[in-house]
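Q: Just passing along the structure, written as structure tokens.
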């Protein structure tokens with residue numbers, strides 16, 4: 001005759017084995033998640049450190065994309081000055097010249113705060129000069145008699 005009810009001895013053997021298996025799966029899942037997060041962080045870190053302005057990308061768009069990379073990887077480990085150095089090295093030559101001119105010759109001699117102001121000003125100017133910027137007149141025309 002077959003006994004379908006497990007004995008006390010088999011229960012005590014099964015529970016630790018099951019617990020061990022769950023623990024192993026939990027550790028594996030945890031490590032897999034850590035590996036994925038680490039890979040994602042590495043991907044974002046590489047995007048920051050290898051930043052280059054795209055050929056048809058405006059300065060404003062390049063800055064916006066660079067800031068997005070920084071937001072996507074808040075624990076990137078770069079000092080703020082290094083971030084702006086990476087950005088400067090990655091932009092188009094004509095924008096480097098503009099920043100150097102605005103800096104009285106050498107952008108790299110500016111403090112981080114001064115550099116950020118110059119970059120933001122150039123980006124704002126570039127955005128206002130983008131092809132999709134509406135340059136239509138905002139004033140109404142009036143006859144010369146209305147100025148009397």
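Each residue, glycine too, has its Cβ placed from N, Cα and C.
Below are the features I grabbed from TrEMBL:
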DOMAIN    46-92  domain 'Retrotransposon gag'
Q: Can you tell me how the residues of the domain 'Retrotransposon gag' (46-92) break down into helix, strand and coil by DSSP?
A: 29 helix, 0 strand, 18 coil
Q: Give me the mean pLDDT over the domain 'Retrotransposon gag' (46-92), rounded to a whole number.
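A: Its mean pLDDT is 92.
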